[in-house]
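Undergrad: Sharing the feature lines straight out of TrEMBL:
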- 44-49, Lys89, 105-106, 181-184, Lys205, 210-211: ITP binding site (BINDING)
- Glu77, Asp105: Mg(2+) binding site (BINDING)
Amino acid sequence: MTIRKDGAQTSYPLYDELPDCLKLKDRPAKRSKTSLKPIITFVTGNKKKLEEVKQILSSSEGDAAFELTNVKLDLPELQGDPVEIATEKCRLAAEKVKGAVFTEDTSLCFNALNGLPGPYIKWFLDNCGHTGLNKMLDGFEDRTAYAQTIVAYTTGPDAEIHVFDGRTDGKIVTARGPTDFGWDPVFEPNEGHGKTYAEMSKDFKNTISHRGRSFEKFRTFLHESLKS
């Protein structure tokens, strides 16, 4: 076997006996240096939610300043005010992750029911379904509601917890659109041009949704804090 080097013929008789992985033509490209960006962990096991959050954060210039990962944690079901729930949940998560972490808590609040289901919407949806959520408002003329997301973020255990609140007003309707993402089919936002969340494109939804608004505040904060 001969290999051309600097225009000359250089002979390596044993070259053909080398494992393929050691031959020059098969060497992998040089690895990039390990990233020194801080890692921020999103506490969720919900793939749809993770996908949506990544899309929201990736549209900002601040996302280049950190690496986003996720983890599913078994945290206790908390009760109380949405902000208090989010803050405590973030504190507990930081103790387990031992690093920068953020949690997201979403509420769907019916005005006729003084804010119920609120932060317990997941339990109501699991047990009642889309039809059951509509039936909760049978007998009420007021079918208005608002969706709220609270993002809680901290750089680690015992560090300050920052809260970012996003809200979108709308009404509860008979389910329309794909049914693979929570209660999206029954919530029609006032700014949605007559469409439910489920009927919208992801890009448009993120511009008006409760989650999009809370993460807009969060990513602005990250950009400013990580830049300094």
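Cβ atoms are placed via backbone N, Cα and C, with glycine included.
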Undergrad: Show which residues of the chain containing Lys89 (ITP binding site), separated from it by at least 6 in sequence, have their CB under 8 Å from its CB.
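TA: Lys89 (ITP binding site) has long-range Cβ partners Val43, Leu75, Leu78, Thr103, Asp105, Ala152.
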Undergrad: Just to verify a number: CA distance, Asp184 (ITP binding site) to Glu77 (Mg(2+) binding site), in angstrom, no decimals.
TA: 22
Undergrad: Among all chains shown, work out which of the binding-site residues Thr44, Thr106 has the most CB atoms within 10 A of its CB.
TA: Thr106
Undergrad: Return one of helix, strand or coil for Lys48 (ITP binding site), based on DSSP.
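TA: DSSP assigns Lys48 (ITP binding site) to helix.
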Undergrad: Name the one residue among Asn46, Lys48, Gly182, His210 whose Cα is closest in three-dimensional space to that of Glu77 (Mg(2+) binding site); these are the binding-site residues.
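TA: In terms of Cα distance, Glu77 (Mg(2+) binding site) lies closest to Asn46.
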Undergrad: In this structure, which of the binding-site residues Asn46, Lys48, Asp105, Gly182, His210 has the fewest other Cβ atoms within 10 Å of its Cβ?
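TA: Comparing Cβ neighbour counts within 10 Å for the binding-site residues Asn46, Lys48, Asp105, Gly182, His210 gives Lys48.
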Undergrad: State the count of C-beta atoms found within 10 angstroms of the C-beta of Asp184 (ITP binding site), not counting that atom itself.
TA: 22
Undergrad: Could you tally the C-beta atoms, other than its own, that fall within 10 angstroms of the C-beta of Glu77 (Mg(2+) binding site)?
TA: 10
